[in-house]
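S.K.: One structure follows; several queries about it will come next.
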């Protein structure tokens, strides 16, 4: 038995340091920030209830991951996968078409990521990977995350999931093969941190100034655009731009205000639109950036995300602004 005893303080001392990385783990499994937060709570509740019987044969971290992974597998029973628009249908070639509808679809959600956080919380949360992981059967998904993202030994993964080491190796092989089929065919050149921030600044300025030319310069020729909530998405700058430059999208100068943040270990903009006399929360735009420009814009038009990312619902007026 552990020397810290079974007190609440002893449990917190051992378990709390792993909360952020367990949230990232549950998010990788579910593709949902809402669900991940709930399942981390369930993980800690179950861990506390069984803490008195924890003998320390495995590390506290391994023990918590075993509980969290099995909580996630239980939650995934009978659930459909969470998706992005690009995972539902081919791209549209008509930027003037009204957005399609997808009733009943469970959409992928973004997750706040502190760039200074430990690698276990940051790595393996890029939107493209999270969307690809959701294609895998839940147990294969768990094996791949535990082995390839978190680097747990095969024997520990087998113990967590109640499998043999041979079964873990087989599941990992199948998961890797499936992931290779749905993952992006080419590795995009990673920009430096200053390059990534410059592209984010350019994107935000283009919307705040309603400057289509600035937006065009920021986008790669093969850039893609998707707005979560609609299955309609666009591939190629020549199709994306006519959609973005519509007055209903890019708006008038000063209509949008944006603040920089990080989502899924990617540059992102918290977005506000001028409505009823103030700039009110609109949602989040997550950018996939490369050394040659923005490769993808994923827009989450969900105002509640703004507060989840630590930002206010309404922005105060800009000092000495006469735009409105």
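Cβ atoms here come from the backbone N, Cα and C positions, even for glycine.
In TrEMBL, annotation is done automatically, which means it is predicted and not curated.
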S.K.: Kindly point out the range from 45-64, 65-84, 85-104 that TrEMBL annotates with region 'Disordered'.
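M.R.: That would be 85-104, per the region 'Disordered' entry in TrEMBL.
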S.K.: Would you kindly list the residues that approach the region 'Disordered' (85-104) from elsewhere in its chain, counting only those six or more residues past its ends and only Cβ-Cβ distances under 8 Å?
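M.R.: Non-local partners: 131, 134-135, 224, 226-236, 239-243, 246.
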